[in-house]
Amino acid sequence: MPKRRDILAIVLIVLPWTLLITVWHQSAIAPLLAIRKDEGGEGRREAGGQDSKEYCASDKDIVEVVRTEYVYTRPPPWSDVLPTIHIITPTYSRPVQKAELTRIANTFLHVPNLHWILIEDSQRRTPLVTSLLRETGLNYTHLNVETPKNFKVRGDTRDPRIPRGTMQRNLALRWLRETFKNNNSQPGIIYFADDDNSYSLELFEEMRSTRKVSVWPVAFVGGLRYESPKVNAAGKVYGWKAVFDPHRPFAIDMAGFAINLKLILAKPQAYFKLRGVKGGYQESSLLRELVTLNDLEPKAAHCPKVSSAFIDLSVQL
Amino acid sequence: MAARMKLKLKTVFVLYFMVSLMGLIYALMQLGQHCDCAEHDLPKDRAISRLQEELYRLQGQIRQLEKAKQPEKKQPPKSSLSTIFVITPTYARLVQKAELTRLSQTFLHVPQLHWILVEDSPRKTPLVSNFLMKSGLTYTHLNVPTAKERKLQEGDPSWLKPRGVEQRNEGLRWLREDRKTEPGDDGQQGVVYFADDDNTYSLQLFEEMRSTQRVSVWPVGLVGGMKFESPVVEGGKVVRFHTGWRPSRPFPMDMAGFAVSLRLVLANLDACFDGEAPMGFLESSLLKGLVTVDELEPKADNCTKVLVWHTRTEKPKMKREEALQVQGLGSDPAVEV
């Protein structure tokens, strides 16, 4: 009996140490040591206000130093490494047009490698928009196409049967296909941004890594606090958390996805459907021709706050 | 038997000690070593270090550009630009974060701007605190709740009671307190601007207001039911006001249409907004104690350009959210919107 007790004691004492040594070899401790030797760790603190766009994990590192040196050149200098974000914005004349465009330009001036494609719903390019674009200093392309009167929204009521901005967005897609026909090597991301929305700067950095089509939650749409894709444990989209017709093939708002330029160039027939599109199906009419649900890349899931929300969502519904 | 046990225990302890010592030495030796991490060199780490190199290169470029630009533009060094103190009242509602985000993206382009954000709340909310921390702006976070009887109730039209009065006054109070600790002429240099969180500001506006000596004024777009309201300038002086509503007011303009020099604010310690003033007289309640119409400084090309718009944000339709919440299936409240 004492012998067994002794043996038990020895086993109990030695066991944790053997576990520790085996875990040590297999765990991330070795690569952590490697990264610390890399100078990369130091520099993150110098990056200041610009860095918080890259990815959320660095927030805690840089909070105190953020205010020391903010740089005021606008827009930021062009980088050869970052993929270009092509922003497609249809716009039309109304009293608040200049205010909305000013506001959104102030946002875009923070984003490096941004190319703004602004398409007016008008017969001719208006001087208001022309001079506004020139004064911002942004890298832009100014196009225009007039929606024929029988397609235009009557008065100002939002009639969902007539999607607004469709012809303008299609023109932009066609322009991109013509401009980047032979130059397949330039990486680019396409995002449809309306002039009356609010965009956080992190969003643009999230979408830069899009391989085919990436998706994320959008607030204040479809009568909800936010609509979002439903993501399973494997990180794949399997449905949509939306109340307005959640069985749409892509129950997502125009501001909720971004497409890699290569995909647009590879499928030259994909456009937004102009006629006979039910309300809320416009986004699906394009995405259906480009990707399946399985190919979608959910973003905004790396940030600790939102990623836990994603887990909750998939459990709740 | 007992002795044997004791002995055994001793050896067990010695063994324990030796093992842990060896483990410690092993770990310490590992720290100094160059380890072969080929299998741990994840593509993500590579991407991160590549992006960081890119970031340093870009920052270096930016600094060079800044240095090159300065002699051309004859821009005064940053420290001698007078600070613009922007006082913004805000309150919790669905679109608060969206509005503040948009506003901060504009302010980030303006050098020497100090944002004084005053919440209408008994406590500082985490949403605003975190937002300000990440914004990259120089800021002061204050809060003061509006008295219940002064607050707009759910169904009230927005013009019924003046909003943001206590908050703006609190901003002024803080500013006056803060400047007491900075004696000397430098501390008195600055401009105070009352910016609401749902308006749209062009960057040129801030450069126009920096040279305010007393009170400067300019047109405001989309306000008072007009395309724009504006002071009318003749011979470099404001003679009257172009407005559609109650032009008999001492200062018939919107909160976004004027800026006050810090010196004037500090010289008149009692001047503040009067919450009891009738509709539309809020701005006048402050300005009449500070300046006369004659002394107003017109900006924006003698008040011919619109550099600020009194935009309003539509309240988002939450019918479906409310319906879901009744069933207990509302959007996850943990996700900050």
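Each residue's number is its place along the chain shown, starting with 1.
Positions of Cβ are set from backbone N, Cα and C atoms, glycine also.
Automatic, uncurated: that is what TrEMBL annotation is.
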What does TrEMBL list, out of B:D120, B:D294, B:D332, as binding the same UDP-alpha-D-glucuronate as B:P89, B:T90, B:Y91, B:R163, B:R168, B:D196, B:D197, B:D198, B:H310, B:T311, B:R312?
B:D120
Residues from the recorded positions B:P89, B:Y91, B:E283, B:T311 that lie close to chain A, Cβ under 8 Å, in sequence order
B:T311
Roughly how many Å separate the Cα of B:D198 (UDP-alpha-D-glucuronate binding site) from that of B:E229 (site 'Interaction with galactose moiety of substrate glycoprotein'), to the nearest whole number?
18
Among the recorded positions B:D198, B:E283, B:T311, which residue has the fewest other Cβ atoms within 10 Å of its own Cβ?
B:D198
Within its own chain, what residues at least 6 apart in sequence put their Cβ under 8 Å from the Cβ of B:D196 (UDP-alpha-D-glucuronate binding site), listed in sequence order?
B:T88, B:P89, B:G164, B:M255, B:A256
